[in-house]
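Asker: Once you've had a glance at the structure underneath, I'll fire off some questions.
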Amino acid sequence: MDLFTNIQIGLSNALTATNFFYCLVGVTLGTVVGMIPGIGSIAAISMLLPITFHIEPTAALIMLAGIWYGTSYGGSTASILLNLPGTTASAVACIDGYPMAKNGRAGAALLMTTAASFIGGSIGILLLMLFSPMVAEIGLGLGSPEYFSLMVLGLIAATGISDGSFLKGFAMVMVGIIVGGIGLDMYTAVGRYTFNIPELSDGISLVALAMGLFGVSEIIASARQSQMTLIDKSNFKWKAIFPSTQERKESWLPIFRGAGLGSIMGALPGTGSSIASFMSYAIEKRVAKDPSRFGKGAIEGVVAPEAANNAADQTAFIPTLSLGIPGSATMALMLAALIMHGITPGPQLMTQEPDLFWGVVMSFWIGNILLVILNAPMIGVWVKVLLIPYHLLYPSILVFICIGVYTATYNIFEIWVVIAFGVLGYTLRILHFPVAPLLLGFVLGPLMENHFRRSMLISRGDLMTFIERPISGTILAITAFLLLWIIFSGYRNWRIRIAAQW
Amino acid sequence: MKFSYSSTIRPLLRRTIMAVLLGLSVTIGSILPASAQRADIVTLVVPFGAGGGVDTVMRAVAERLSDELGRRVLVENRPGGSTMIAVDYVSRAATDGSIFLIGTPSLSSNFAFQPEIGPGDPRELLDPVIPVATQPYGVILGPALPDEISSIEALLEWAEANPGRLDMVNSGPLTAPRLAAELLSFRTGIPITAISYPSGTEGALDVAGGRVHAGINQIVEAMPQVQAGNLRMIAVTSLERSPVFPDMPTVSETIEDFDVTSWNGMFAPAGTPDAVLDEMNAAMNAVLQDESLHAMFRDQGTEFIGGTREDLANRLNSEIEGWQELDANVDLDLQ
């Protein structure tokens, strides 16, 4: 069967009134829950899961998938406007999106992220359509040594993610790795930093950590400001919302770079959109002519990660549907919905259930178009959120964060975790330590450890396994070149600075 | 295509709004503390997040149980602490028959291997109600082993000829598949390196990719790769052959009395009155006869069993004693 037959099958299935309707419900809900800090797609999908048992599997998956990628559109809104990440992947959008909002460019940032999300999503779907069968093969060929090498590359590439002192950034990555180490050891079930508290045996939840570090610390910081900055009403006119020619020009390449990177990261089981958005931010900062603009409202730092996480959201369906490996808890719920209907995702899905597979894939196009239609006209409304007085806005956000974090496990303990990381985030802010590298270390650290130890178990402790295996070796060689380049360009800049001082 | 607002969209819309409202009320209902819930709601606490294998099975059971009892039956997810958080939560809950735990093999392995962590002896904390379902694990082999190996005997012969080489994947350090590999090693004297993964699916993928020789996996996790021809399943780990896979030999046909089975059982907080336990046992036994339920999960090797309260008590007890014996004889590298 060639691609065009598949597209035809898919479209005819996705465009039935029922499936179109569920797609609309999914993306609308996704946008809304994505926007509310703390409540992510997981809460929405677990709520709707019982309903999906009673509708057709294709419609069920279309709706759940719509929620999943819809949250990525909405997720950056709160990041940009309030420095509160709606989802973990959109935490990166805080770094430059929030300064843009402070500079009165909130509207432009939101419009460009919608565009970036759409382009990223589209590229992701295209790749999903073209390469799904092949990626399933590649996925089978990647083992722990490959993943470990890939994460070393990611960590090295991301060293420059934050501003200011390299040492402070490095320290924060280490803190992140330590926090990530909390919980039961993956191989021996020994508790680490758990103090025999059962809640800690699963480790710290990513959502609670991100909400605390970014969201709650921001709220504490602004509560301390005795005088609120007056907002210039002219920022809400259409002219101010529309991105300037320069902003548009600066965005194109980063969007495509982000989408490319995101597509690759999304397709690998176990990496996902959070890592994709962090890495693409780091890359933009590295290739930028003037990296000092980052963190102060650089449009590239907003659009590239957005494109990356939307592309990753789409290609994440490749491992989920073709290998049966969910990249996240949300994906696991979608798998459950299929299994309830007697469909076990795996390498055979595409050939055994072409109607379902291609129907769902083609519904992504419809969903993404619907999301643009939903999001773009609403930007004028969203930016007005900034007009709500802080003493009303922030308490209600805190409530949402608490509900969101609590409903993930129904455990009060999670709220204490949020508070603890809120205080930590605020302290770090006072001391001018960047928090983004902490999040990166937290996500990558445990993954690296697991893959490293598993590689060692399988190779019986032989480190050569990382170099001998061709894919792993190639990735490490690229990493070595990147490291040399970072050192060289650092040395050059240092020489220039020294020369300038003379 | 004919398209009419009133006939197509409106009923759909209404149904979906109703469903969303229902979903919301379910969620809010489960947020409320147990004491605030009306007694005509029964809560089944699943110790895993929504969407897992046990959760999926129990949601299907809950729906039928609701019809049987004429009361609302909710599934509440209390994941974490390798099921200990849910055990702790239910063991302290009201004993009026409004809340039940869905127990898994972790009940016995947690207590047998790490008695100092967690809420304590499940035999004292909980009252068994009924065994719900069992599921054998499958022994899977991948391309890292020669194709002609297709039985447990052949696998053991290969392992003897290649001492210290055999790797087997499992789904976590204290899970039944890990312990099954240790038991296999203990009973045969052949060293096996157990390699843990966050989920059995990822482990199965490494076996299918030829990086690890073999594995003990939930059948549903391995099935897609078996169907695709990347994995072969050579045996099931239950004592008797599974009625779902009658042609598949058991490990116990080679190694006498070898029995490691995944199971789900319903438990009430200790001290629940006998009348309540008996009533639930009868209702569940009726529900588990439902043919549509069997059909839904048959492909995954799930067998709904039912039985008496004593059946579940015996299962839990013999499993705890079995693991305690293994723990006394083998250094599992657990602290």
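Just so it is clear, glycine is given a Cβ too, placed from its N, Cα and C backbone atoms.
Just so you know, TrEMBL annotations are computer predictions that nobody has curated.
Not my notes, these are from TrEMBL:
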type: TRANSMEM; residues: A:20-40; note: transmembrane segment
type: DOMAIN; residues: A:21-440; note: domain 'DUF112'
type: TRANSMEM; residues: A:110-132; note: transmembrane segment
type: TRANSMEM; residues: A:138-158; note: transmembrane segment
type: TRANSMEM; residues: A:165-184; note: transmembrane segment
type: TRANSMEM; residues: A:204-223; note: transmembrane segment
type: TRANSMEM; residues: A:323-344; note: transmembrane segment
type: TRANSMEM; residues: A:356-374; note: transmembrane segment
type: TRANSMEM; residues: A:386-409; note: transmembrane segment
type: TRANSMEM; residues: A:415-445; note: transmembrane segment
type: TRANSMEM; residues: A:466-488; note: transmembrane segment
Asker: For the transmembrane segment (A:386-409), which recorded stretch in the set A:20-40, A:110-132, A:204-223, A:356-374, A:415-445 gives the largest number of Cβ pairs separated by under 8 Å?
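Answerer: Ranked by Cβ pairs under 8 Å, first place goes to A:204-223.
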Asker: With Cβ-Cβ distances below 8 Å as the criterion, list the same-chain residues six or more beyond the ends of the transmembrane segment (A:110-132) that contact it, or say none.
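Answerer: Contacts with the transmembrane segment (A:110-132): 3, 6-7, 69, 72-73, 76-77, 80-81, 93, 97, 241-243, 247-248, 251, 255-256, 258-260, 262-263, 266-267, 299, 302-304, 306-315, 317-318, 321-322, 350, 361, 364-365, 368, 371-372, 375-376, 379, 382-383.
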Asker: Which bits of the chain, at least 6 residues beyond where the transmembrane segment (A:20-40) starts or stops, bring a Cβ under 8 A of a Cβ in it?
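Answerer: Hits for the transmembrane segment (A:20-40): 14, 48, 55, 59-60, 62-75, 77-78, 82, 84-88, 90, 207, 211, 215, 330, 363, 366-367, 370-371, 374-375, 382, 397, 400-405, 407.
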Asker: Residues sitting near the transmembrane segment (A:356-374): Cβ under 8 Å, six or more positions beyond its termini, same chain?
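Answerer: Beyond its ends, the transmembrane segment (A:356-374) has Cβ neighbours at 6-7, 9-11, 13-15, 19-20, 23-24, 26-28, 30-31, 57-58, 61-62, 65-66, 69-70, 73, 114, 117-118, 121-122, 125, 128-129, 314, 317, 321, 343, 349-350.
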Asker: I need to check the long-range neighbours of the transmembrane segment (A:165-184): which residues 6 or more away from its ends have a CB within less than 8 Å of a CB in the stretch?
Answerer: 155, 159, 190-194, 200-204, 209, 428, 432-446, 449
Asker: Give me the mean pLDDT over the domain 'DUF112' (A:21-440), rounded to a whole number.
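Answerer: Mean pLDDT across the domain 'DUF112' (A:21-440) comes out at 81.
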